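Q: The active site, 4-aspartylphosphate intermediate annotation in TrEMBL covers Asp424. Annotated ATP binding site per TrEMBL: Asp424, Lys425, Thr426, Glu507, Phe548, Lys571, Arg604, Thr684, Gly685, Asp686, Arg774, Lys780, Asn803, Asp804, in sequence order. According to TrEMBL, the Mg(2+) binding site annotation covers Asp424, Thr426, Asp800, Asp804. Marked as domain 'P-type ATPase N-terminal' by TrEMBL: 61-117. Annotation source TrEMBL lists domain 'P-type ATPase C-terminal' at 826-1076. The transmembrane segment feature in TrEMBL is assigned to 311-335, 355-374, 857-878, 890-910, 939-962, 974-996, 1008-1028, 1048-1068.
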Amino acid sequence: MTSRALLWFDRLVPPVEESLARIRNYLPFFRKQTEDDVTSAATDSPQVARHREIGLNRPQPQRYASNRISTAKYNLLTFFPKFLLEQFRKYSNCFFLLIALFQQVPDVSPTGRFTTLVPLLFILAVSAVKEIIEDIKRYRADNHINKRRIEAYRNYQWKYVRWDQVLVGDVVKVWDDHFFPADLLLLSSSEPQCMCYIETANLDGETNLKIRQGLQATIKVVNPNDLREMSATVVCELPNRHLYEFVGNFQETGEQIIPLGPDQILQRGAKLRNTKWIMALVVYTGHETKLLMNSTTAPLKRSTVERIVNLQILLLFFSLLVICLIATIANEIWMRTAGFYHWYLALSESPTITIGHNLLTFIILFNNLIPISLQVTLEVVRFIQASFMNVDLGMYHEDSDTPAMARTSNLNEELGQVKYVFSDKTGTLTRNVMEFKRLSVGGIAYSIEETENPMNSTLIHNLTQGHQTSGHIKEFLTLMAVCHTVIPERDPCNDGKLCYHAASPDERALVYGAQRYGFVFQNRTPEYVVIDALGKTERFEILHVLEFTSDRKRMSVIVRTPNGKLKLYCKGADTAIYPRLKDNQQSKEITLRHLEQFATEGLRTLCCAVVEIPEDIYEDWKATYHKASTALQFREEKIAEAANLIERNLVLLGASAIEDKLQDKVPETIASLLLADIHVWVLTGDKQETAINIGYSCRLLTQGMPLLILNEDTLDGTRETIIRHLTEIGESVGKENDVALIVDGKTLTFALTCEIRKDFLSLCRSSKAVICCRVSPMQKAEVVELVANGTGSVTLAIGDGANDVAMIQKAHIGVGISGVEGLSAACASDYSIAQFKFLARLLFVHGAWNYTRMSKLILYSFYKNICLYVMELWFAMYSGWSGQILFERWTIGFYNLLFTAAPPLAMGLFDRTCSAETMLKYPKLYTPSQTSELFNVRVFWMWIGNALIHSLLLFWLPLFMFSQDIIWSNGRDGGYLVLGNTVYTYVVATVCLKAGFETQAWTWLTHLAIWGSIATWFLFFIIYSNFWPVIPFGANMAGLDRMVFSSATFWAGLLVIPVCCLAGDLAYKALYNTVKKPLYELVRESEIRKSDPSVVLQEPKLTETARLLRNVKSVFRRPSPTSSVRAALEIDLAHGFAFSQEEHGAVPQSEVIRAYDTTRPRLDQSQHPL
């Protein structure tokens, strides 16, 4: 076998293997089984493995899935069946395939055997090329991930391999700030006690870092020699989609079995952070990783417009059958009655033709009532529209050199009909960057932006100049530098500059904030921390760390200060700190006002306090705390009670404010979406407090908006809470109310059950904003599916992480952010953009324009075909219902190909209602497309009716002119083709002028399309009429140009008949715009007049009577029984408190800080040459 053949074979094998591995996803039987069913079935069956066994440094007992991933719709095996399935879901293609088969019957088709088959094959070819081009883009994006490099231990040495070459059982080495290529079992790391930090924002949306810890048995595996000598077996559960669960055992040869849990697992999609390197064993690969088990296969999506067209084509087909049956019956009647009087036709001598034969003839004759050219036109227009999006500089992100990318063009018009937007938080709305912004100390508010050099700020001036608050300022800055679990490290590559590693991004921001004010956190050891306070080195002994939990909403450290005093520094939510403050503190009220001011600015706030502890009280409490921490029952509750005993009589120092930096123009974009009557939901895996705080920051939630919070642990509790809230809302259920609904993941599990999902959806639809917290990737998809199926509205999901793939694929439209979290979401999306702010332009400009363009294109395509081809029905009345065609065969074929092809293309590509700037500035202009005003069943049949009227006029008026069969002064007769070509000319002129009549934005290309199409027909008519006898073709058209053009009647009709047809359209439009002019027409007229469109967009003000009635309604409205509870809860959360830190992690934070000694040199990779 040649090397080229081997290369081809190597390229072919991976797609084939992947297809076989994923084939169960395409079978209905396997689709019905969830992953739990498969696992349980494997457990019950003695012939199926109940677990996975992985050997370390030995061959694997079986072959596992490849680590190659694919988000493409097709591969070599599935392209033709899936493509044909998608194409023949369109009823028009099924219809034309049927017509093409009918035409193969001998002596049936009046239009030839291949006039339908060839165009159909051309349509399928164009569609196939478009699908292949779009799927190649997905394939290249997948390849970008599959070809990433990772160090793997092969043949007793480290080698760089591609991700798609990683195998189960490999030992890989991952460096800091790199993603994990598969699901890994942590063996060793550069950190003490085999710990490592991971960022899971790409999995669950949480901003805080999590700690994972390897086994003590593998902690010393740090070089190739250690790996060579190790032989072990890992037995674990089968692949499943449970992100937070893992069960397994680890056993070295000849040693005891060690249990494994989720604390040792590093999942694909997560990133290594604050850790130089780790070594890990590959457990699950490719589509068997937990991340990809939570995703679904790429769906075949169709737009709402396409589904409506599909249904109308079905109705038109039945109408066509009725017409054909009528024509067939009429033919039989004519043959039996009128045939006697037309003896010269010799009908009695002609062979007998059956009714079925006639029916097939009429079906083929009238098949063009459904435009076969529509599919080609749609594919071409959609492809070019997608290209417009790709090159739109308004959606180009210069900083990252990332343009927008339309990965599919089938949903272009769907972008104009979005009613619900489901957004991820981390990486989509936020940058996952915390920055210290404001602080309040001793009742005085300060901003870190007052001066470029904080050492010259008012805060430091008050501290050094003996201001009355100087004591509070020093304690506050000391607290920021001491009360945390941050690990400092000096970067040898950056002149020993300090950098801080923390599980909580909030804590890191506070430490950096203290550093900017001259209180620099320098070193940490297991016993103490060292800070540089304005040039003076101070050491604080860390005695106890009272960790943060979501119940406590605070953390404290007990330290011994350099002067020997015992102090407790505490920071947390105002609701957790204020009840523990000493009485009669002057700054309490003003600090609370500062908190409210900070929260209004969308900042995350913490209150800071201190208390000095007497030695005797500390010793007593120390014994109590030790007893609680060693309790065998209810340990956590007893530790919390012990902490409450010492966290009393606190002295308020002030408050800090941190900005969770949003992506650029997120609040403005969300405000625009809301103005366009688009409901915005946030689905995040992050904590509830963090999500609510971001809701305020991005202006999805407003101060004063009541919050309905669902935090229930049981199905019954969830049902009761939902029903209670629905009762409170009363008559306004199902209507948008000025309330926000906050749901956590556990409650969502119960809310999505069959019993109460309808009530839950009603509560969601009654809320102005919905935020779902702590949700899994599959729950995100289930929420999207609930809304899509329950409301029938068009949904859009947008995210940037791998945890967003499921909802992106489940929504009608999936938008991926090409962000820092990798390309998983972008690869699985229908459209990708670099920033959330570009969503407004994608919907309001391209979405609305494409919807308008596609609506007109489809309606016009049906209109122009019915105008021409229904004339065969009128002509059948004069041809004995024989199936004789009025027009020459090739002029029929070129009608859609040449003479009327350009106008719909111009409408589909260049027409628009208003300019892009106006569409962005006034989101209300999105409403016509969103509410399907321009394309629905009523509008469709109005155009069909309009086409029938025009067809009647275009046939009967010329026939009336030809009623005496003489149109020349010499009295000669030209035959039926003179009438046919005359009518054909009027039709071309009328339908082209109709396109201009419906066009709202004229360009030179529009003029070229309309006038050029009419000119093309005249040019063709002249050339074709002179083929014979020079070219032995078209004998029946010879000299017809001279016959037609020499008739004054023809030219008079050309001036009068198209005008008569369009006069009714003009009158209707004038009347409609006078009585009920659409909003977009008003704005367009304002643009033409170059006046301000805001004048016509202003909503009418309420009259005095209406205002009084509204006030009366609010007075008599029954108060909600839980309104006081909601108000209290709102106050609790209105200050923007959020503190991101992992709770109940693999290693408690109090133990993490005891494991580090930054005064000693850390383990460096240079000591372990790999």
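Including glycine, each Cβ sits where the backbone N, Cα and C put it.
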Q: Cα within 10 Å of the residue listed as 'active site, 4-aspartylphosphate intermediate' is the criterion; apply it to the binding-site residues Phe548, Arg604, Gly685, Arg774 and give the hits in sequence order.
A: Gly685
Q: Counting each residue once, how many in the domain 'P-type ATPase N-terminal' (61-117) are helix, strand and coil under DSSP?
A: 22 helix, 0 strand, 35 coil
Q: Report the listed stretch (311-335, 939-962, 974-996, 1008-1028) having the maximum count of Cβ pairs within less than 8 Å of the transmembrane segment (890-910).
A: 1008-1028
Q: Using the residues the record lists for ATP (Asp424, Lys425, Thr426, Glu507, Phe548, Lys571, Arg604, Thr684, Gly685, Asp686, Arg774, Lys780, Asn803, Asp804), what whole-number Å value is the largest Cα to Cα distance?
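A: The ATP-binding residues span at most 34 Å between Cα atoms.
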Q: With pairs restricted to those 6 or more apart in sequence, evaluate whether the transmembrane segment (1008-1028) and the transmembrane segment (974-996) have 3+ C-beta pairs under 8 Å.
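A: They do touch: at least three Cβ pairs between the two stretches lie under 8 Å.
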Q: Express the distance between the Cα positions of Thr426 (ATP binding site) and Asp800 (Mg(2+) binding site) as a whole number of Å.
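A: Cα-Cα, rounded: 8 Å.
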Q: Can we call the transmembrane segment (857-878) and the transmembrane segment (1048-1068) in contact, meaning three or more C-beta pairs below 8 angstroms at a sequence separation of 6+?
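A: The answer is no, given that the two segments have fewer than 3 Cβ pairs within the 8 Å cut-off.
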Q: Enter the number of other CB atoms within 10 angstroms of the CB of Asp804 (Mg(2+) binding site).
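A: I get 36 for this one.
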Q: Mean pLDDT over the domain 'P-type ATPase C-terminal' (826-1076): what is the value?
A: 88
Q: When you scan the chain for residues with a C-beta under 8 Å from the transmembrane segment (939-962), skipping those not six or more beyond its ends, what do you find?
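A: For the transmembrane segment (939-962), the sequence-distant neighbours (Cβ-Cβ under 8 Å, at least 6 residues beyond its ends) are 308, 312, 316, 855, 859-860, 862-868, 870-871, 874-875, 933, 978-979, 982-983, 986-987, 990, 994, 1049, 1053, 1057, 1060-1061, 1064-1065.
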Q: For Asp800 (Mg(2+) binding site), which of the binding-site residues Phe548, Arg604, Gly685, Arg774 has the nearest Cα in space?
A: Gly685
Q: Counting other CB atoms within 10 A of each CB, which of the binding-site residues Arg604, Arg774 comes out lowest?
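A: Each of the binding-site residues Arg604, Arg774 was scored by Cβ atoms within 10 Å; lowest is Arg774.
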Q: What's the CA to CA span in angstrom from Phe548 (ATP binding site) over to Asp804 (Mg(2+) binding site)?
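A: Distance (Cα to Cα, whole Å): 29 Å.
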